[in-house]
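This report refers to the structure that appears directly beneath it.
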There are 2 protein chains.
Amino acid sequence: MKCDKCNREAVIFQKYSSAHLCKDHFIEDVERKIKRDIRKYRMVEKGDTIAIALSGGKDSSALLYILHKLFNNRQDIHLVAISIDEGIHGYRDKTLKRARALTEKLEVPHVIKSFEDAFGDSLDDLLTGGKACSVCGVLRKNLLNKTARENCATKLGLGHNLDDETQTILMNYLRADIDRMMRMIPNNRQTGLVPRIKPLRSIPEKEIALYTYLHDSPLDVDRCPYAPDALRNDVRSLLNDYETAHPGTKYALLKGFEKIIESLKQTHTITPVKKCTECGEPSGRSNICKTCQLLKKPSN
Amino acid sequence: MKCDKCNREAVIFQKYSSAHLCKDHFIEDVERKIKRDIRKYRMVEKGDTIAIALSGGKDSSALLYILHKLFNNRQDIHLVAISIDEGIHGYRDKTLKRARALTEKLEVPHVIKSFEDAFGDSLDDLLTGGKACSVCGVLRKNLLNKTARENCATKLGLGHNLDDETQTILMNYLRADIDRMMRMIPNNRQTGLVPRIKPLRSIPEKEIALYTYLHDSPLDVDRCPYAPDALRNDVRSLLNDYETAHPGTKYALLKGFEKIIESLKQTHTITPVKKCTECGEPSGRSNICKTCQLLKKPSN
């Protein structure tokens, strides 16, 4: 098949837009959407230091790559990559190597923090059984935020793609948690939390994979040995089935959620995040943050 | 196990409320929720004639049974049952027989309308292949509304239970159709449409089944031979899995949706339903209603 915009060979057929695109027009399309979202939600502002949460996987690598491409020549914008080493043996060591190779190639400062240094144990050791994803998620979020702040970051860039975002939206609908929904508003500011930005939120996971591949970056085929959340898996496959039957569903879900959030903003106020009475870090709705709760008594 | 409220044998354990209930306290609980919702959403008002869409299945039978129990002694409230005979051979004939038995027992007037009389063909004949559910749904809705209006009904009672409602809510989130979401507001009034009420919306499907069983009504084990919507099936099993892992999810989804609808009502207006230029019936967002569209050209 030929590209709809020129005569070259197409590398992708976007079912949701019915477009065939060649390599160059596909890359242009991905980057156009990312630039549009960055502008629309004011993700990047003059004077920003953007910390990029870099796992070394395809999403965070693509994020670092494109933010470097867009802002490398700007004197008033700084980038720093932050990687968290959870200590997952045989998995994280490999992706950290890829992360390190990319930051060296792009000459972006790179900070690596380990669970072991921060919490005294690796994830493998912290787990006394079960719930790896939720333990890991809590500790990683805590350490990412703290490290971003220590590096004077004014934004924390996350590699969440369209699939991740729509899965989270659907899970929030299921939980019916209005507060949590409202915290998904781009550029939501809370004391102690470096504002998170998600420049890839409009790019389907498959397109991020292709984008990374076309930039000669090796695709990560490794998977975290801890099984992912079973319910997120159900939501993922439901959304993928729905998208196959009705192309454009994920975009519709994202747009519908934005309309709902616009309404909620006019009638609700976001509950401010509390400060942990133990460590002083942001702690959501409870007085003691989840990290302190987890480290005090082993999860079971 | 014993009932939490008395010493009799429990017939159910409600995981979402952690309550064990005996037959009498279970029936009391179901009826209390139905009465609460009827009051809360003003589903039934003085002078109402309530048409009950009676398929003969467990949900619509339970609905007729309870509305009769609640309003039979009221001089200012009238009930009429409406059954639609789609002409599905070997299935609808059986459920219609059960419907007829129930209306005779309760002495409620009963109107039966067939697709054949109304549209000239039975569903089996109308279908030239595929999409039975959507064809059937469009024609049944049209005929139910028309028949309710012809019988001077001021309300149209539907047997949708908690499972049906939450599946629809989730599908509307997926479709991101704000207009359709807003039409789910209880007692939403539109020209030409008899306002629909759903008194069973807070009762889980399993409890309706038990309620029907405890009233010595035979449970319907027959299933419509036309396969149900595949995507609704996915949504149903996702919700059931989620409910098992997190009891109370369906109630949370219903409550969260109500909060969202409250917000949307303040910032959006419902687009009025159009009038079909062919038949004069309500036609949603298009100029020609779906029934006229379907009957003009065979679906394929």
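These residue numbers are counts, starting from 1, taken along the chain as shown.
Every residue gets a Cβ built from N, Cα and C, even glycine.
The Zn(2+) 1 binding site annotation in TrEMBL covers A:CYS3, A:CYS6, A:CYS22, A:HIS25. Secondary structure from DSSP puts A:HIS25 (Zn(2+) 1 binding site) in a helix.
Among the features that TrEMBL reports, ATP binding site is placed at A:ALA53, A:LEU54, A:SER55, A:ASP59, A:ILE84, A:GLY159, A:ASP164. The secondary structure of A:ASP164 (ATP binding site), as reduced to three states from DSSP, is helical.
Residues or ranges marked as Zn(2+) 2 binding site in TrEMBL: A:CYS276, A:CYS279, A:CYS289, A:CYS292. Of all Cβ atoms in the shown protein chains, 18 besides its own fall within 10 Å of the Cβ of A:CYS292 (Zn(2+) 2 binding site).
The domain '2-thiouridine synthetase TtuA-like N-terminal LIM' annotation in TrEMBL covers A:2-27. Computed over the domain '2-thiouridine synthetase TtuA-like N-terminal LIM' (A:2-27), the whole-number mean pLDDT of the model equals 95.
As annotated by TrEMBL, domain 'tRNA(Ile)-lysidine/2-thiocytidine synthase N-terminal' applies to A:50-237.
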Cβ-based isolation winner (fewest other Cβ atoms within 10 Å) among the binding-site residues A:ASP59, A:ASP164: A:ASP164
Site diameter for ATP, Å, by largest Cα distance between A:ALA53, A:LEU54, A:SER55, A:ASP59, A:ILE84, A:GLY159, A:ASP164: 20
Long-range neighbours of the domain '2-thiouridine synthetase TtuA-like N-terminal LIM' (A:2-27), counting only residues six or more past its ends (CB under 8 A): 207, 210-211, 214, 243, 247-248, 250-251
Rounded inter-Cα distance in Å - A:CYS279 (Zn(2+) 2 binding site), A:ALA53 (ATP binding site): 22
A:CYS6 (Zn(2+) 1 binding site) and A:SER55 (ATP binding site), distance between Cα atoms, whole Å: 36
Using Cα positions only, nearest of the binding-site residues to A:HIS25 (Zn(2+) 1 binding site) (A:ALA53, A:LEU54, A:ILE84, A:ASP164, A:CYS276): A:ASP164
Cα-Cα distance linking A:ALA53 (ATP binding site) and A:CYS276 (Zn(2+) 2 binding site), given in Å to the nearest integer: 23
Rounded Cα separation (Å) that holds between A:CYS289 (Zn(2+) 2 binding site) and A:GLY159 (ATP binding site): 24
Binding-site residues compared (A:CYS3, A:CYS279) - the one with the fewest other Cβ atoms within 10 Å: A:CYS279
